[in-house]
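Going by Swiss-Prot, these are the annotated features:
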BINDING   R57, H153, R220, H330, H350  pyrroloquinoline quinone binding site
BINDING   S240, D242  Ca(2+) binding site
DISULFID  C281-C316  disulfide bond
DISULFID  C388-C392  disulfide bond
CARBOHYD  N25  N-linked glycosylation site
CARBOHYD  N94  N-linked glycosylation site
CARBOHYD  N147  N-linked glycosylation site
CARBOHYD  N184  N-linked glycosylation site
CARBOHYD  N306  N-linked glycosylation site
CARBOHYD  N341  N-linked glycosylation site
SIGNAL    1-23  signal peptide
Amino acid sequence: MARLAPHTLLLALFVFLFGSCTAQNCTTNNLQVTYPAPVAADGWEYRLISTGLTAPRSIVFDSTGGLLVLDAGVGVRRLTLQDNGGTCLSVTANATLIADTALNHGLAISADGGTIYASTVNDVYAYTYNEQTNTVDPTTRRTVVTNMTNTDHVTRTLLLSSRLPNELLVSRGSAANEDPQARNVTSGHSQIRAYDISTLAATDPPFDFVAGTLIGWGLRDSVGVGENPTNGGIWSVENSVDDLTREGVDVHQDNPGEELNFHGILGNTANQGGNYGYPDCYALWSTAGFPDLGALEVGDQFASDNATAGVTDATCNTNFVDPRLVFQAHVSPLDIKFNTNGTTAYITFHGSSDIVSVAFGLNGQPTSPMDSTTAANNILTSPDLTQCPDDCFTPVGLTFDTIGRLFFSSDSTGEIFVLQQSADDGNGDG
C-alpha cells in the first residue's frame, strides 16, 4: 500500500474535522460534527448549530425568529437562536411546543403565525400557537385532514401556499415499492392534494384525504413539495422505485432516475391533476446498457416489467406526465425550497448525503433541458460516501430565514445546520 506524505495526512485530518476550510470565527458556538465533516462548494459556508435531537425532519421559522422543528417520535420543538451574524448562531433554548410521538414529518405554519400544522401517518392536525408566549395549548388540537394510513411510505409532507395562503397541500406516498393501488385515483395512494382550510367551519369534520383537489397522482413518494415564489408554481421531488428490472435484467443501480415534477399553479387548472406514471412507468437516468433502449433518452419514461397490460414505452411518454428533470437513482430527495426571486431551487438528497441547487429561469422553469444529467449542482457533500449512511449527515428539511440563510436538518445525526453563500472559496465549520 502506498504511504501518504505527512502534509497529505494533515490535510485529510483537517478536512475530516473542519470541512474544506474554516468558516468565520464564532466564539459563541464551538459545536463540531463527530463524523467526516461535510464539504461546502466554493462560495458557501456552513455551521452546526444544534445537536441532541431525536430525528429532526421538517423545519420552519415562526414570525419572531424561532425555529420550529418536527422532531419525529417527539413532537414539535422551538429553538431560540442567538444570532451573531453570518453562520455564527447558537441555540439558547430548546422547548417542546407539542409533545406527540406520532408526529413524524410534516410541519407548516400559517401566514399570520397563529396556527401550526403537523402530520402523522393518518392525520394532519392544526394547533393554535401563541407567538408572544411561544406556547401551544394542546386542547386546541383539531384534525383537518384524515384517512391517510398506509404502510411503507408513512410521511405526509405539508405545504401552505404563499400565493393562496388558505391552501394546504398534503403529499402521501405509496404502500409498497410498486403499489398496485396507486393505479386507482380513489385509493389516495401516491398523490398530492390541496385543501382550502378557510372553508372548514369550527363544527365541520376534517377533510377526507381523497376529497382534496388533485394536484398530481402516480407519484410514488414525493416527500419534497415546494412553491416557486415568483409565479406560484408547485414542484415536487420524487423518490422512485427500488430493485428495478427491465426485461428481466437488473437495472436498479442507475435506474430509474429520481424526479423533479411540475404541478402547475394553484388556482389554475393547467398542468394540474396529471398522472405521472407510477407504478407502470419510470424515468430513465442512465442509458448505458439499458435493455431495449430504442430511441429512449434521459428523462423519457419507460414501462415497468410489472406494468399493466398494454402499457408500453410509447404509452408511458404519451399518456403520462414526464418529469421536468431527473436525478441520479437512489439519491432520495426529501425537500425542495426556492430562494426569494425563484432563480434557484435547493434540494436535499438524503440518500447520497448532499444538498444541491437547480437553476431556474424567469419563466419559472429550470434552465436545464429535460434530458440533462448535470442540472443538480452540489452545494454541500459528504467527503466519503463509503462511510454512509452510518457516519454521514443525512439532510431532510430546508427553510430560509428572513435574510436568506438556508437552514437544514439531519435526521440520523439529530442535528440542525445553517448554510449561506460567502465571499470566500468553499468553506465550512462542522
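Including glycine, each Cβ sits where the backbone N, Cα and C put it.
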**Message:** Would you identify which of the disulfide-bonded residues C281, C388 has the most other C-beta atoms lying within 10 angstroms of its C-beta?
**Reply:** C281
**Asked** What Cα-Cα separation, expressed in whole Å, is found between S240 (Ca(2+) binding site) and R220 (pyrroloquinoline quinone binding site)?
**Response** 6
**Request:** For H330 (pyrroloquinoline quinone binding site), find which of the recorded positions N184, N306, C316, C392 come within 10 Å, Cα to Cα.
**Result:** none
**Complete:** Between the two most distant Cα atoms of the pyrroloquinoline quinone-binding residues R57, H153, R220, H330, H350, the distance in Å is 19
**Prompt:** Given the binding-site residues R57, R220, D242, which one's Cα is the least distant from that of C281 (disulfide bond)?
**Reply:** R220
**Request:** Please compare the glycosylation sites N25, N147, N341 by how many other CB atoms fall within 10 Å of each one's CB, and tell me which has the fewest.
**Result:** N25
**Message:** For N94, N184, N306, listed as glycosylation sites, tell me which one has the smallest number of other Cβ atoms within 10 Å.
**Reply:** N184
**Request:** Output, ordered by sequence, the same-chain residues six or more apart from C316 (disulfide bond) with a CB under 8 Å from its CB, or 'none'.
**Result:** G277, D280, C281, D300, Q301, F302, A303
